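Feature annotations, courtesy of TrEMBL:
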- TRP56, TYR149, LYS284, SER319, ARG414: substrate binding site (BINDING)
- GLY116, SER117, ASP255, HIS320, THR321: pyridoxal 5'-phosphate binding site (BINDING)
- LYS284: N6-(pyridoxal phosphate)lysine (MOD_RES)
Amino acid sequence: MSLNAQWMQRDLAVLWHPCTQMKDHERLPLIPIKRGDGVWLEDFDGKRYLDAVSSWWVNVFGHRNPRINQRIRDQLDNLEHVMLAGFTHEPVVELSERLVKITPAGLDKVFYADNGSSGIEVALKMSHHYWLNCDQPGKKRFITLTNSYHGETVAAMSVGDVALFTDTYKALLLDTIKVPSPDCYLRPEGMGWEEHSRNMFAAMEQTLAEHAHEVAAVIVEPLIQGAGGMRMYHPVYLTLLREACDRYGVHLIHDEIAVGFGRTGSMFACEQAGITPDFLVLSKALTGGYLPMAAVLTTNQVYGAFYDDYATLRAFLHSHTYTGNPLACAAALATLDIFEQDNVIEANKALSARMASATAHLVDHPHVAEVRQTGMALAIEMVQDKASKTAYPWQQRRGLQVYQHALERGALLRPLGSVVYFLPPYVITPEQIDFLAEVASEGIDIATRESVSVAVASDLYPNHRDPG
Ligand SMILES: *Cc1c(COP(=O)(O)O)cnc(C)c1O
């Protein structure tokens, strides 16, 4: 038995994997990874895979990055962890100072959680609690966009809207208000992104007018709805939303867990709209993809509403055990150093342009409805019928065929349903981008051939992160 097969066997005897119908592994091999090296992942049989999705969007400077490794090692020699209530430490102070400095003006306080979903919970609770502290207990609902994704915990799911996934848990969810997304894939033929996003704002304006009295916050994924299929929209929507939230007395929460740290072409997506949200939630690339951590930045105004004598019971008593973990902070500090020292945002412009040119020919593919891009994220939407943008039935799992083909060719491309996308580490080379485009083209050709075995569909369920 190959080493890969041995590890797979031991794994399946004891593990339950995330976002997976485990029965899939009766026919789909698990891939045990032995080591990482830059953009590459290597399995136990020596095969290498180019990590085109940055290991679920976290890895920005490659696997086993020497600078991040060194910083974590140095931190390890001083302090691995200490609780953050009543105590503090050098890396968490330094990281907080730097996050305040590099984010838009007005975000002056940082609260930590230990994963993205928990960071969303922090922002939602803090927003409602702020209004409670301001004697407005009625402000307890949240407005969210259709096709949103904000994580897996119950409140985070409540503000999400990837239907086939959240529907299962509907009985558990908070009652949120959903407004149609400005998603530009759905724009009328011939209309530009800006005009469409601007038009879509009318529904948000109307909802705010109607519900502002009972709403604590609007939460959005700025510019890219990631798990919803890398759907994209114009920054004008965020500018309009900021202005309206101010006018109606409602908080604005930016979930930049996926898009923060350069993914959209600017360090943070909110910069492109020229705005400061009331809450900015960061995670994923925050630690360069090394360790789980989330940061929730907010304003001195929000902070001030909690600041009082203990007996008033206004404090935010939320806590996660690993809050502000020093090793995670060290990884984040090394990541920020690389952004600065290597002038990454500027350097990425050439890589974004290469992603566009390498995939330009796919626009003409008979089963590609759109090739869209925002900065370092590029998505290719496969459809059954190009003219009407009719989607493939999810049961056919066309994306899974792209996934399998890419693995054979040595690339990790994990489509979201029928959306093939590149979200590569920023240390990818132009030649490696060309390779990915080639593999994706081949995979799309294979996956969109007429005959598809539907036999696999019966025992599988759709999921937002599942390659089918
Ligand atoms: C990944 C993601 C989350 C959830 O983060 P986890 O660390 O997986 O809990 C929330 N929002 C967005 C936009 C994400 O992409």
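FYI, residue positions are counted from 1 along the chain as it appears here.
Any Cβ shown, glycine's included, is placed from N, Cα and C.
Shown on the structure are the features that TrEMBL records.
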| residue | record | CB count, 10 Å |
| --- | --- | --- |
| TRP56 | substrate binding site | 17 |
| GLY116 | pyridoxal 5'-phosphate binding site | 26 |
| SER117 | pyridoxal 5'-phosphate binding site | 22 |
| TYR149 | substrate binding site | 25 |
| ASP255 | pyridoxal 5'-phosphate binding site | 31 |
| LYS284 | substrate binding site | 27 |
| SER319 | substrate binding site | 14 |
| HIS320 | pyridoxal 5'-phosphate binding site | 19 |
| THR321 | pyridoxal 5'-phosphate binding site | 9 |
| ARG414 | substrate binding site | 23 |
Field: Nearest-integer angstrom distance between the alpha carbons (Cα) of TYR149 (substrate binding site) and GLY116 (pyridoxal 5'-phosphate binding site)
entry: 11
- request: Check the binding-site residues GLY116, SER117, ASP255, THR321 for any whose Cβ is under 6 angstroms from an atom of ligand 1, and report them in sequence order.
  value: GLY116, SER117, ASP255
Query: Taking only the binding-site residues TRP56, LYS284, SER319, ARG414, which one has a CA atom nearest to the CA atom of SER117 (pyridoxal 5'-phosphate binding site)?
result: LYS284
- prompt: Once the DSSP letters are reduced so that anything not helix or strand counts as coil, what is SER117 (pyridoxal 5'-phosphate binding site)?
  reply: helix
- prompt: To the nearest whole angstrom, what is the C-alpha distance linking HIS320 (pyridoxal 5'-phosphate binding site) and TRP56 (substrate binding site)?
  reply: 23
Message: If I take the Cα of GLY116 (pyridoxal 5'-phosphate binding site) as reference, which of the binding-site residues TRP56, LYS284, SER319, ARG414 has the closest Cα?
response: LYS284
- line: Rounded Cα distance, in Å, between TRP56 (substrate binding site) and THR321 (pyridoxal 5'-phosphate binding site) is 24
Task: Looking only at C-alpha atoms, tell me how far ARG414 (substrate binding site) is from ASP255 (pyridoxal 5'-phosphate binding site), rounded to the nearest Å.
output: 22
- line: Once DSSP output is merged into helix, strand and coil, THR321 (pyridoxal 5'-phosphate binding site) belongs to coil
Message: Could you state, as a whole number of Å, the largest distance between Cα atoms of any two of GLY116, SER117, ASP255, HIS320, THR321, the listed pyridoxal 5'-phosphate binders?
response: 22
